[in-house]
Amino acid sequence: MSATLLSTHGFDMAPTKSGYDTMASWDRFTTFEFNVQVQRRCAAAPLYTPAIQSFHTDVHRKPLAQDSKPVPLMSRTQKQPSPIKPPAPTFKTATSSWSPPSSPGARSRSSTLTPPRTPRVDSARPSDSPICTPMTPREKNKLADSLYAAACAGDLDHIKLLLSLGAPINAGTMVEGLYEAFKPAKPGLLSPLAGAARNGQMDAVELLIAAGAEPNPSVNRSSSSPLHQAIRADDLELSRLLLELGANINSLNDYKTTPLMYAVKYGSAKMVELILEHHPDMARLSFIGAAAIHWAVWPNRPEIMELLVAAGADCDHGMADGSTPLHCASTAGHLETVECLLRLGADPTLRNDDWKTASQVAVENGHEQIAALLREATLRRRTV
């Protein structure tokens, strides 16, 4: 369709740098109001028939402006086209004078036909429709570190705020010097819940668990569980709460240490009794192949060893290298622990993988008093 023909029928073609914007004119033509206006103009304008573009399916079409040619007017002998019908009235015009039939008890027309007015909402305003973009890993890490700090401080308001901002509740934060048994101490990950338990923040622990924090996080998120940290702090009430909320009594930290081992080394006798009430696995070995009873030997805690043996621990339990608690106590030179073990029924004749008895180990480490005590115990055992 040529530009002259389009202008004749009411197309206001916008000039551009490369010609006329025919697509913009077509969009305006397809609107309802403009279509009515064009139909009215077409009723008074000369009738033209647009040229039909011919093309083959296997040949690329050229632009319409290059192939279209104006077609002459029809002769009188040819069949006249049907007259153009007047434009249809708009919906507003058709319904403006309509009224429903009256009926007894009917409500007024204004109350029946008038729709309720609703306030106009401008969806383009940024305050009404905020754009939420996903957080980057760096942003998530910052929120996780802030949440861990708030949990350690017991700041409940900031914990709630950070959770509302999308802080990951189970993400781990690297803590320096977490494992002080190593020299130098090694770092490790702690979840916000473990941080709160480490610092005795009871309210923060309850808030985090209510918000969905895991009481038994994987070591990839928290290398030491909240229960480990509560026991490490010797917090009896917090440890009891975590156990009631489902903390695993046999959970392992990053170095395969159980809560019982932590209680034996760091906790009080009451803490050990609390853990023993939940029937832990006392035969499980840590990453160095030591059971819970071995953990009572190194800090020289004979009273804890009595609790373990009374609960069913084996006083002759061998480590990965075959060392019994007597071997460990003889190496460390803990006389009280050796006496306790002998009193509990430990066998001084057992040998480790190097085929050495506890008395031989005591001699090698310069503990003659312990070696003499063990030799006497060996003689008594053989004579019985």
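Keep in mind that glycine also has a Cβ here, set from the backbone N, Cα and C atoms.
Where the annotation comes from TrEMBL, it is an automatic prediction and has not been curated.
As recorded in TrEMBL, the features of this protein are as follows:
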type     : residues : note
REGION   : 60-138   : region 'Disordered'
COMPBIAS : 93-112   : compositional bias 'Low complexity'
REPEAT   : 188-220  : repeat 'ANK'
REPEAT   : 222-254  : repeat 'ANK'
REPEAT   : 321-353  : repeat 'ANK'
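If one looks beyond the repeat 'ANK' (222-254) by at least 6 residues along the same chain, the residues whose Cβ comes under 8 Å of a Cβ in the stretch are 170, 172, 178-179, 188-191, 193-200, 202, 205-206, 209, 215-216, 260, 262-263, 266-268, 270-271, 274-275, 278-281, 284. Secondary structure of the repeat 'ANK' (188-220) per DSSP, as helix, strand and coil residue counts: 16 helix, 3 strand, 14 coil. Mean pLDDT, taken over the repeat 'ANK' (222-254), works out to 97 on the 0 to 100 scale. Secondary structure of the repeat 'ANK' (222-254) per DSSP, as helix, strand and coil residue counts: 16 helix, 0 strand, 17 coil.
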